[in-house]
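Quick notes on the structure that follows.
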């Protein structure tokens, strides 16, 4: 007589929100796909192989991190080595600072989304790392922008680097405050980071007024910078307004939710900024600083 095996329990149960006690629900329009509390880092890490409402958030930034670690290797060794014979140490440092800054941001984001179901303590700790990663990305994006924008005026360049560093430090201190991670502060956080990102317009406007649009649009890669702003804005608006799941609750629990749109938008914006950095480099070394 054949035996009937008892049904096996999934190692990574994906349950309705009502079964979750780790933290308050951040998005009331995501109804299912929540991971059970793991109480184990190993179990949380293994859950990246399962399908749940964090799967795409995790893998989008795991792959994004690997991409931005690979980009400098590709750029400096394979794609255009003849062009980089004229690269200065400063060129390499400012561009690599951006690549590494983005990779760190995506890594910390992936860590948060992976282990946030471990416990409330791990959730609150890693969400702060996630916010810190966003700050690192934005700060690193300012470095090449200011460098190429003020290649003719080191005093202004250093001044804007100093201002940006000071603002980044203030943001970092705020990020590590307990109230910053509260769900009710979601829109405030979005505005906070948007304001820091918008601070990049000060050196852009200053440089355009000082040197003219025709020079600066190529020297600073301003067309690419506009695309960076557009894609980041798309992600922030979708995340802040919880679109599209707000209009179709429970229909985008696994694929297509606003947080995933934010992740993809940030990756695309990051690639736009890479193109801008390479364009800045080419323009400087093909046309010279044009400081007269």
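Glycine too: its Cβ is placed from the backbone N, Cα and C atoms.
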TrEMBL Zn(2+) site partner of 259, 263, selected from 113, 118, 123:
113
Scan 27-48, 159-180 against TrEMBL and say which stretch is down as transmembrane segment.
159-180
Taking the transmembrane segment (192-209) as reference, which of 58-80, 92-112, 132-152, 221-241, 261-278 has the most Cβ pairs under 8 angstroms?
132-152
Residue 113 (Zn(2+) binding site) has how many other Cβ neighbours within 10 Å of its own Cβ?
26
Can you give me the same-chain residues 6 or more apart in sequence from residue 259 (Zn(2+) binding site) with a CB-CB distance under 8 Å?
27, 57, 239
Same-chain residues near the transmembrane segment (132-152), Cβ under 8 Å, at least 6 residues beyond its ends:
90, 94-95, 97-98, 100-102, 104-109, 160-161, 164-165, 168, 171-172, 175-176, 193, 196-197, 199-200, 203-204, 207, 211, 216, 219-221, 225, 228, 266, 270, 273, 277, 280-281, 283-284, 289-291
Enter the number of other CB atoms within 10 angstroms of the CB of residue 263 (Zn(2+) binding site).
24
Local backbone state of residue 259 (Zn(2+) binding site), from DSSP in three classes:
helix
